[in-house]
Amino acid sequence: MQFQLTLFLHLGWLSYSKAQDDCNRGACHPTTGDLLVGRNTQLMASSTCGLSRAQKYCILSYLEGEQKCFICDSRFPYDPYDQPNSHTIENVIVSFEPDREKKWWQSENGLDHVSIRLDLEALFRFSHLILTFKTFRPAAMLVERSTDYGHNWKVFKYFAKDCATSFPNITSGQAQGVGDIVCDSKYSDIEPSTGGEVVLKVLDPSFEIENPYSPYIQDLVTLTNLRINFTKLHTLGDALLGRRQNDSLDKYYYALYEMIVRGSCFCNGHASECRPMQKMRGDVFSPPGMVHGQCVCQHNTDGPNCERCKDFFQDAPWRPAADLQDNACRSCSCNSHSSRCHFDMTTYLASGGLSGGVCEDCQHNTEGQHCDRCRPLFYRDPLKTISDPYACIPCECDPDGTISGGICVSHSDPALGSVAGQCLCKENVEGAKCDQCKPNHYGLSATDPLGCQPCDCNPLGSLPFLTCDVDTGQCLCLSYVTGAHCEECTVGYWGLGNHLHGCSPCDCDIGGAYSNVCSPKNGQCECRPHVTGRSCSEPAPGYFFAPLNFYLYEAEEATTLQGLAPLGSETFGQSPAVHVVLGEPVPGNPVTWTGPGFARVLPGAGLRFAVNNIPFPVDFTIAIHYETQSAADWTVQIVVNPPGGSEHCIPKTLQSKPQSFALPAATRIMLLPTPICLEPDVQYSIDVYFSQPLQGESHAHSHVLVDSLGLIPQINSLENFCSKQDLDEYQLHNCVEIASAMGPQVLPGACERLIISMSAKLHDGAVACKCHPQGSVGSSCSRLGGQCQCKPLVVGRCCDRCSTGSYDLGHHGCHPCHCHPQGSKDTVCDQVTGQCPCHGEVSGRRCDRCLAGYFGFPSCHPCPCNRFAELCDPETGSCFNCGGFTTGRNCERCIDGYYGNPSSGQPCRPCLCPDDPSSNQYFAHSCYQNLWSSDVICNCLQGYTGTQCGECSTGFYGNPRISGAPCQPCACNNNIDVTDPESCSRVTGECLRCLHNTQGANCQLCKPGHYGSALNQTCRRCSCHASGVSPMECPPGGGACLCDPVTGACPCLPNVTGLACDRCADGYWNLVPGRGCQSCDCDPRTSQSSHCDQLTGQCPCKLGYGGKRCSECQENYYGDPPGRCIPCDCNRAGTQKPICDPDTGMCRCREGVSGQRCDRCARGHSQEFPTCLQCHLCFDQWDHTISSLSKAVQGLMRLAANMEDKRETLPVCEADFKDLRGNVSEIERILKHPVFPSGKFLKVKDYHDSVRRQIMQLNEQLKAVYEFQDLKDTIERAKNEADLLLEDLQEEIDLQSSVLNASIADSSENIKKYYHISSSAEKKINETSSTINTSANTRNDLLTILDTLTSKGNLSLERLKQIKIPDIQILNEKVCGDPGNVPCVPLPCGGALCTGRKGHRKCRGPGCHGSLTLSTNALQKAQEAKSIIRNLDKQVRGLKNQIESISEQAEVSKNNALQLREKLGNIRNQSDSEEENINLFIKKVKNFLLEENVPPEDIEKVANGVLDIHLPIPSQNLTDELVKIQKHMQLCEDYRTDENRLNEEADGAQKLLVKAKAAEKAANILLNLDKTLNQLQQAQITQGRANSTITQLTANITKIKKNVLQAENQTREMKSELELAKQRSGLEDGLSLLQTKLQRHQDHAVNAKVQAESAQHQAGSLEKEFVELKKQYAILQRKTSTTGLTKETLGKVKQLKDAAEKLAGDTEAKIRRITDLERKIQDLNLSRQAKADQLRILEDQVVAIKNEIVEQEKKYARCYS
């Protein structure tokens, strides 16, 4: 055997050497093999029987009897012993096993379309395909290929029994050429029924191929993926065979014995062998015969398929090898100066095909295609060859002065007279190295094409000789000239050549220009905005420079200050203290004030001037413009706010504290000596108080007229602004005093110049005129001051207001008021309307006539018309249009046909019934006037009634006073109460009290806000959704919105639809009041439709897409969202989350898992997927040995494959090969069949199967426990309840709308009804709160129990997962360290084949602890775990149902209470609105009754109408009900008591902490007893203190713990009260405050508890310290015994000892008491926890409360008004 193996290796080496020789002689190719070998995981089938569960299938046999059926179970890989019924796709790979026909691949029953796909890792050359079927061959199929890893597919060939039917568009028959796609019927017949083959040859040998390397042929024979699509099964017709129809599909399926895909590694003729691809296992891990995909390239080629040349082998183009032409790649020729090159086809063609390699990165200063010439700046050494590394010498030329930057002559040429290394100078350069400028030139430069430049000095700016610096070229310039050529002026000068010194100064304005720099050409300075002129001293058109007094603040617009000035005196009997006095200009006299006029200020009063328009931080002088009315001086006190300074301003004295100044009576302006500093963007206020220091009787009524307050900027506060000379001129000419005066001003030139400059500086330019377009003549204004040219009677700097005594500013100016001197109170009128202030009975714009109803201007009197006329002649007083049937100048008598005395107040009444007897409208027998009552009594005819027979009887209408209008029945379309005498007018027939929401003269129309048919009594309220209609369509106050009176359709906002405008249109969502809906904006490519969820805007995404707009890939999908999202093809059990890369789709395997789909265990791990435990440590050793052997065998297999076609050349070896084959077969038989029969493992296998079934059942039960599948039903129920609540909410909205339109009587009734409902609901909620809290605590306890049981179940599951039976021998080896396939005696423990004393097999019991015993124990544990989990499942489900029921009921109760609270609030608001309407109605009635000239019959009618109003309940009861509601709404205030109580408890805990610290301090004193004997006397005192402290400490601890418990209870109560308060009121701020207080109380309670624990800890420390005290006392006693103390001292010491021992005993007793208290507290906690057991009793109460609340809610929903 060893000899044969050596022979194999020797022959393999010979074959390899021969293959290398073949590559040297021409084209060479790798051997062809089966591409399926070693690619089990890359072979996939779309359908396999029994993958998810065992599946029955039948075969066509026993035609006369019952058909024969079998089971397919492919959940585990095929194993001849354990899994013989597994028919996965990897069974079709040829393995040369003896019993080959016992395994095959089989599809699911009855499927026509099934595909098999092979995914290769690289591009392979495909030869042919052979399929061997177990069943009938397919009736139709096709074979496809892909060369781009499955992105695009091409068909190889179609196969079908009936090509015309299966593939109608495909040509059938023989192919006419290579690669023709045809349909072949040769391999699709029904015979044979088994063992039939389908063969596909890529290149038909019947066709001659001229160029096998053409792109067409190469594309035909290469592939990366192969797909076989079965499209139709052969069916034989069950009716003919008498089969049952219900299982006819069980016998039709695809079954395949073998699949051979012959091919080789594709290497373009440049390799004879291949190796595994990168990132794949090498030969040591590959099965024998596997065809690898990475070429081992020859001929200087490279790449996976040898598709390119190696680096530096680029001299010729790459070509595939063909026959004897190897077309090897040639190396480049670079003269030893480069190791890199590339191929250039243009160079190759230009050389005639000799050389195409271009060298890269030439070294040694060389360049060129072959690095055969020197680089620029170098030249060739004639004494050295070009391949010499020092052949190129650098040039010695100045690069700045030579042509081409220092390049010299590269080589000598006698013909041209050039010498190698010679420099080539530029035109203006000279020298051997070209490093000098020629005369009268300068500046040798590399950028200058001439090398040097001529001097070129400007004659206007330079001295009269043309020379310059050789290096810089600088010419010699005049005084104010600069530049290299003296061609420009220096900064601050302009006009080259126009001045003796070369240039003129700029002279820019110091304020109008930014600097003193100007244009050197024209001298234009850089002006600030809106400033013009060469020197920037003129404003632009429409702009001006502000004067000194520009910042004026009118006293009339200032705020009056309340109170007296600090330095002023009181003023009595004068009010108000400040009064505005308008100044009226006198023609011909100058105006001495600004603004409308003055502010008349009394002594002690003040004015506040608001200053917020400061443009620049600067010091200002305050100027006050005033006029005194007496010879006495006044005093002002000034306060500036805010007073603080900043980086720009330093606080002045005036700004730091109030200052007083005198206002002389002889002047009209006062400039305060102390300046103030103001800056921009600050709101200042300047308070000015006025007073008279010497106020006597003669000045009691004195006052001062204040015009304005001005701020004058100080020029000296501007830094670096002007020179000292300018400041001197400014002060010399008194610029400030002149510019501050009122009236026309004539400024000196120096003042005007400096003021203009300062204005431009402060305002950063000129200020806009802003002349009023109607009040001014034009848009321009004065250069300094900005005064616009005003039209007549128009004043103001901008001409924007009328002068005093005029009005109506327009294009014509203003009009004078012309108020009548007798009719008006003043000569000044309103400046907008022109209305003069008239006296009481005077009217008219000018107050020049009497009011209506008055006469005799200017002494206007009321018209004397006896109240029967309103108007009279304004001059004579004669009455117009007398009423009441009166006549005369003063309406003092009755007209003809009436009687009465108007002068005495008796109205005129007709003595008619109703007309006079001579007319046709007389409906009485007679008429008379009662002398006592003065009543006119008519005796009416039949059919008429009334005092004057002027009315129809009840049930009739008409107007007897009009001819032809008899009384008729009221026609109101059945929409009135016919028994009501006031339901319609008996005179006109007009319907007055329409019912059923109707209106109109005949009740024929629906009311506004209603729709339907009034004739059919179907008028209904418009149900428009308030958010979906335009607010213009809904009346204010909550009334019904308008809708179509017939259909009820509401006017919807944009993109809103529905009859009630209650939903968004398709493709829109988010209904917003007043704006409508917004677009869904769903991605049309990835969403199912353009519609989206109307609440969330979520678009309905297609499968695989997510995001709100479906613009993202869904989790567990990958790809490009705009293009395509592909599901991750990964095994979830073997992946992490997310399971694949979102961009590439590559599966993310967890540790220990591998495979493209993460569906198998990685090498080095057990193959029990998905657990994949790491193998034993010995695995690595064996794996190395097996890999070495596998590699050797694989080499032999390749050798055998190469020698397969050369068997005829080695006849002498045929016998040896035959012997070797026999030996190999024998070895395979021995390896596959163990030394003992398989029947010995049957009993073990049965236990294995039983345990596995138990594990599967337990897994299913655990899934049920963990997943709570019935939660889905709970969620569905919750959704249904939410839908019902939504419907109820809509009903409540409709109810609210009806309530808002109800009458006061209905609202009162509803308030009473809803109050009872809300009171009942509030009571139920209060009762429910404790139940809900108890339920929540119980639910938490149950969840704790559930977690405990779950952890136990997880532990059982983990134990079960450890029970695995991969293989009997491997399992025994892992358990006992030995495979167990030998007798039991030498083993450390019993194996799988243990025997007893009598030789019988023993597989359990003592001494046999192998896999069988382990399986038996595992089965027993699994059964126990199964029972535990079943009980756990029942308990968990019962508890979960109870928790969900209670939770749902509590949630429903909470929601119902919230709804009731909201309804009650709405009704309360409605009642308030109705109350306001009633008050308004009562006010109107009172005003009506108080009016004069109201007829008595109208008053009587109104009184009767008011008396007819009846409330449903007495007013006192209604008031009581409203008071109760208000009391309930104020319940939140009661929580303040709880807050105070908790604060007191916290204070008590803090005091207790102080006492505990005092006790600690007292205990520390005891520690110093060892210092002196005298301190022992303090022990007794300390003992007393300690006793009292511990006693108090114990009591305080008990009290604190009680307080803690009480605080916790109050906290829980406050939480429930907070929830109740939140239901009663919508005041979110109040709730937030209460929650903050609650959190503070909780913190206090926690702190108190912590302090109590700290006090207990201190008591324990006190005990320890006392023990230490005893020790120190003992030490001290020993010391005293040695020193010999006196008897007295020893007695005192003994007393102290006894006292200390007593103190210790007392301390220990108190510690025990504290311990007992702690135990009691724990017992109380346990008792509180036990109360949770009352949940079962409370459940019934919660259900009853819920039902009652639901019933009340239903009753409330039916309470429509």
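For all residues, glycine too, the Cβ spot is worked out from N, Cα and C.
Among the ranges 358-416, 417-475, 889-947, 1243-1301, the stretch that Swiss-Prot annotates as coiled coil is 1243-1301.
Per Swiss-Prot, the listed range annotated as region 'Domain alpha' is 1376-1408 (candidates: 287-319, 980-1012, 1112-1144, 1376-1408). Candidates considered were C860, C879; the recorded disulfide partner of C865 in Swiss-Prot is C879. The DSSP breakdown of the domain 'Laminin EGF-like 2' (332-394), given as helix, strand and coil counts, is 6 helix, 18 strand, 39 coil.
In terms of DSSP helix, strand and coil, the domain 'Laminin EGF-like 1' (265-331) has 3 helix, 12 strand, 52 coil. Between C1022 (disulfide bond) and C1125 (disulfide bond), the C-alpha separation comes to 48 Å. Taking the C-alpha positions, the distance from C477 (disulfide bond) to C788 (disulfide bond) comes to 52 Å. Nearest in space to C309 (disulfide bond), taking C-alpha to C-alpha distance over the recorded positions N229, C265, C486, C1110, is C265. Between the alpha carbons (Cα) of C872 (disulfide bond) and C771 (disulfide bond) lies a span of roughly 50 Å.
Cα separation, C265 (disulfide bond) to C1099 (disulfide bond), rounded: 50 Å. Across the glycosylation sites listed here (N169, N229, N1016), the residue whose Cβ sits among the most other Cβ atoms within 10 Å is N229. Put plainly, the disulfide-bonded residues C265, C274, C788 were compared by Cβ crowding within 10 Å, and the winner is C265.
The DSSP breakdown of the domain 'Laminin EGF-like 6' (769-816), given as helix, strand and coil counts, is 0 helix, 23 strand, 25 coil. Taking a C-beta cut-off of under 8 Å and a sequence gap of six or more, C1082 (disulfide bond) has these contacts in its own chain: G1067, S1089, S1090, H1091, C1092, C1099, P1100, R1109, C1110. The Cβ of C1125 (disulfide bond) has 24 other Cβ atoms within 10 Å, all protein chains considered.
Rounded to a whole value, the Cα-Cα separation of C1043 (disulfide bond) and C1113 (disulfide bond) is 45 Å. Here the candidates are the recorded positions C359, C819, N1016. The one whose C-alpha lies nearest to that of C788 (disulfide bond) is C819.
The distance from the Cα of C334 (disulfide bond) to the Cα of N1016 (N-linked glycosylation site) comes to 109 Å.
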